[in-house]
Amino acid sequence: MSNKKIEQWEVERYWEIFSSLAGGQPHLNNSQAASVLRNSRLRDDQLEKVWDLADLDGDGELDFEEFCVAMRLVFDLVNGELPQVPKSLPDWLVPESKAHLVQATRALSGGQEQFERIEDEDSTPGLKDGFDWYMSPEDKAKYEEIYSANKNQRGEIAFGSLEPLYESLDVPDTDIRSAWNLVNPSAAPEINKDATLAFLHILNYRHEGYRIPRTIPASLRASFENNKIDYQLDSARPAQKWGTNGDTETSTGRKAKFGDTYLSRLGVAGKTSYTPKGTDFSDTIQDEEWEKVRLRRELAELDAKLQAANKAVEGRKAGNRNDGRPNWVLIKKEALQLLEYKERELRELREGSGRAKAGGDVERLREDVRTVGEQVDGLKNHLIQRKGVLEDLRREIEDERASR
């Protein structure tokens, strides 16, 4: 398995570029992204293929995750990591939130598993009869948690999206596929919510040692198509309602309850040890933008405090006015102007305009970005020093008041 991934520093850099181009919008259209992508000097036909691969949802625009995919492909092509644009995205480059789209695309292109229907001559020893279609409120809530954690944008579930759940169950693969075929008579690549809940209910009973039913009630089968399902079947027998009594032991006393292990791995049941495959953009550095907002707010607050302090100083006696102290308001104003200049310079570097437009030397651009970053850090340190000066002014004001 490849250990490649998009590093955090790459995500940060891509966010800077994306946010400068998007103008506060969540997507980039073709014309907005063209200026950055064409700076790579790749051929137009290569860029078209990169765009098609990165546009995972096929809406003709790139959100931030898709933009990261496009930028990584471009850099790998420019740096020789890829000899040509791949025909499909490698798994490590697929964003976790869009894995279902890639899976659906592969299924539609011919990669969808076609499960052989297994005739119901169940010879497995030790299985019990008495499957009940009734879903208790506790079971239904658990099924809905699993459904919500795996559904795609259309609210549907693919067979492969529940692989981690299958691994946690004491259910043979052939029975899992039989249950899928039972709730999916049209052999569609995905099923809706009602069919998913029925599928999970069948797996639940099989996990507890009951035989999989051979047929689905006609009314229930119709509900898969009408998107309406009755979970309180009149034919339910209370003695067979799994989970309705206080006994929390399973049929064997050793197996975990259906879905508990899986939900714990997902973090739904209070644990967060589950780590899905693919590129995780959940820690996308939009914090940098928020850091700018916080910094500007702190600067504004500091400016207001400085103005208040200066007004207090102006109220002192004439003999204490001209004591040779520096004009901190002027210094603060100059520091803000310098910060705005450096931010504008950084923005020009991101957009490929200004000085960066004259050349395509990536190393030089990286050095410029690092230099600007160091200068911004210097301004932050300067801000800290000014805060110290403000505290000194406050102490002087308090001392002056105390001496009166």
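From the backbone N, Cα and C atoms, a Cβ is placed for every residue, glycine too.
As recorded in Swiss-Prot:
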type	residues	note
BINDING	D55, D57, D59, E61, E66	Ca(2+) binding site
COILED	280-399	coiled coil
DOMAIN	10-100	domain 'EH 1'
DOMAIN	42-77	domain 'EF-hand'
DOMAIN	139-227	domain 'EH 2'
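Within the same chain, residues 6, 10-11, 14-15, 17-18, 26-30, 33, 36, 84-86, 88-89, 93-95, 97-98, 101-102, 153, 279, 281, 284 sit at least 6 positions outside the domain 'EF-hand' (42-77) and bring their C-beta atoms closer than 8 Å to a C-beta of that stretch. In sequence order, H27, A54, L56, G58, G60, L62, D63 are the same-chain residues whose CB sits within 8 A of the CB centroid of D55, D57, D59, E61, E66, the residues recorded for Ca(2+) being left out. With the fewest other C-beta atoms within 10 Å around its C-beta, D59 stands out among the binding-site residues D55, D59, E66. Between the binding-site residues D57, E61, the minimum number of other C-beta atoms within 10 Å of a residue's C-beta occurs at D57. With helix defined as DSSP H, G or I and strand as E or B, the domain 'EF-hand' (42-77) counts 25 helix, 1 strand, 10 coil.
A mean pLDDT of 85 is what the model gives for the domain 'EH 2' (139-227).
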